[in-house]
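What TrEMBL records for 7-136, 146-277 is domain 'EamA'. According to TrEMBL, the transmembrane segment annotation covers 7-24, 36-57, 64-86, 92-111, 123-142, 148-164, 176-194, 206-225, 237-255, 261-281.
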Amino acid sequence: MKLSSKANLYLTLATLMWGITFPLTRNALTEVDPFVFVSLRFALASLVLLPSVWFLFHKTTRAMLFGSLMIGILNAAAYLCQTIGLETVHSARAAFITGASVIFVPFLAPLFKLEKPSRLDKLCALIGFAGLYVIMDIQHFHIAHGDLWVFLGAISFSLQITYLQRLNQIIADYQLLTFYQLFFTLPFVLLFTRGHSFSEAMQPRALEGIIFCAVFATSLAYYLQNKYQKFTNAPKAALIFALEPVFASVFGMLINRELLARTTVYGGLLLLLSLVLPSLVNMSKESSSSIK
């Protein structure tokens, strides 16, 4: 198997695991508090990654620590908001709203001294906002409380993606950076766990969700992404990552028997189009230039 094909396969596996987290998190939240869930998720994920970076700590720099600290704040905000929203929002709906985080990235990029949004970015943003409008049923004022939490999480994710993109330009050790960004998420989440019982996490559904999200969807998925994403091109990687809400929808139906509302289907299709359109255009340009 070619290295690029192997990379695409492993990135798809990582995306599959991210998609599964949505229904499993919903199940876990019936038994454990969102703040406890997120704190244990990142504590366990950090412990799992610790052996792989134990002999790399001497490479730590001030820039890496400061950057990871900022990522930790954004991570905490993103995952807490998303997890609180999942208490009341179905997996597919939450996943598509979360996927909208990609729409905001081109518009936030100039704030971090990155490239300005192109015309295609603006077109995709319009399509994406139309999808959000349909999914959140703004026309009939049916915006759920959980929708707003998930949307705030999407904004935090977009800030995290943009800042991490900037950070990757000045820090080469992705493995150590990954550990620090997970580790520094923990203290900011723990600030909100005061007064909450950690014994709830020993319930079967809670334990299942925490272990899967920490070990597979965080430690393993981030490891696969960091190791293999460089062996495929950006458009293909973006197309693969756009499958996350699709996987969340499928496993939401399989695991929790969640039914897809029409607004989720139609809005989700618009959001999916806004996510994959830039990649399709770039792939088309690459193929036409190679023919020449």
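Cβ from N, Cα, C; glycine included.
The stretch with the most CB contacts under 8 Å to the transmembrane segment (64-86), chosen from 7-24, 148-164, 237-255, is 148-164. Looking at 36-57, 92-111, 206-225, the range that has the most CB pairs within less than 8 A of the transmembrane segment (7-24) turns out to be 206-225. Note on the transmembrane segment (36-57): residues 25, 28-29, 75-76, 79-80, 83, 173, 175-176, 178-179, 182-183, 185-186, 189-190, 193, 196-198, 200-201, 206, 209-211, 213-215, 218-219, 222-223 of its chain, located 6 or more positions outside it, place their CB under 8 angstroms from a CB of the stretch. Counting same-chain residues at least six beyond the ends of the transmembrane segment (176-194), those with a Cβ under 8 angstroms from any Cβ of the stretch are 33, 35-36, 38-39, 42-43, 45-46, 49-50, 52-53, 56-57, 59-60, 64-65, 67-69, 71-73, 75-77, 79-80, 164, 167-168, 218-219, 222-223, 226.
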